[in-house]
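Annotated features, as they stand in Swiss-Prot:
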ACT_SITE  His36  active site
BINDING   Trp10, Gly12, Gly14, Asp37  Ca(2+) binding site
DISULFID  Cys11-Cys33  disulfide bond
DISULFID  Cys32-Cys72  disulfide bond
DISULFID  Cys39-Cys65  disulfide bond
Amino acid sequence: GAFIMPGTLWCGAGNAASDYSQLGTEKDTDMCCRDHDHCENWISALEYKHGMRNYYPSTISHCDCDNQFRSCLMKLKDGTADYVGQTYFNVLKIPCFELEEGEGCVDWNFWLECTESKIMPVAKLVSAAPYQAQAETQSGEGR
């Protein structure tokens, strides 16, 4: 199956929850992931949406969702939250997107060449801002 962070049901590829209310033992971190999974504006892997094809192996989200996700995890000042944040933003470096007025394709021919485009909100990729670990180290100092 897909990789899900131990102690969570929503952190990782897909989710392992049977319904929205179900959370893992790392409840606070899991809530951040669940909220991010329910972001309104996203483009799944290889999907064409907002005038752009997502060539990443995972879903990319609107930057508002990724910024909320980062803040949610950082507020917890917790090792598990830091691990999830560092994996998503620093290791996988999953970008987010902003929408800008631009020209997007709306119709293609058999060879996948654009035959009709129009002015519409078009997705522009934004590099993931780094995640700063927030948990206290064993000596009591921040990392």
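Using N, Cα and C of the backbone, Cβ positions are placed for all residues, glycine too.
Mapped onto this structure are the features recorded in Swiss-Prot.
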residue	record	DSSP class
Trp10	Ca(2+) binding site	coil
Cys32	disulfide bond	helix
Asp37	Ca(2+) binding site	helix
Cys65	disulfide bond	helix
Cys72	disulfide bond	helix
Candidate with the highest Cβ count within 10 Å, taken from the binding-site residues Gly12, Gly14: Gly12
Residues near Cys32 (disulfide bond) in space but at least six apart in sequence (CB under 8 A): Cys11, Phe69, Cys72, Leu73, Leu76, Ala81, Val84
Cβ neighbours within the same chain of Cys39 (disulfide bond) - under 8 Å, at least six residues apart: Ser61, His62, Cys65
Alpha-carbon spacing, Cys33 (disulfide bond) to Gly12 (Ca(2+) binding site), which is rounded to whole Å: 8
Densest Cβ neighbourhood among Cys33, Cys65, Cys72 (disulfide-bonded residues), 10 Å radius: Cys33
Between Trp10 (Ca(2+) binding site) and His36 (active site), the C-alpha gap once rounded to whole angstrom: 9
Rounded distance in angstrom between the Cα atoms of Gly12 (Ca(2+) binding site) and His36 (active site): 11
His36 (active site) versus Gly14 (Ca(2+) binding site) - Cα distance in angstrom: 11
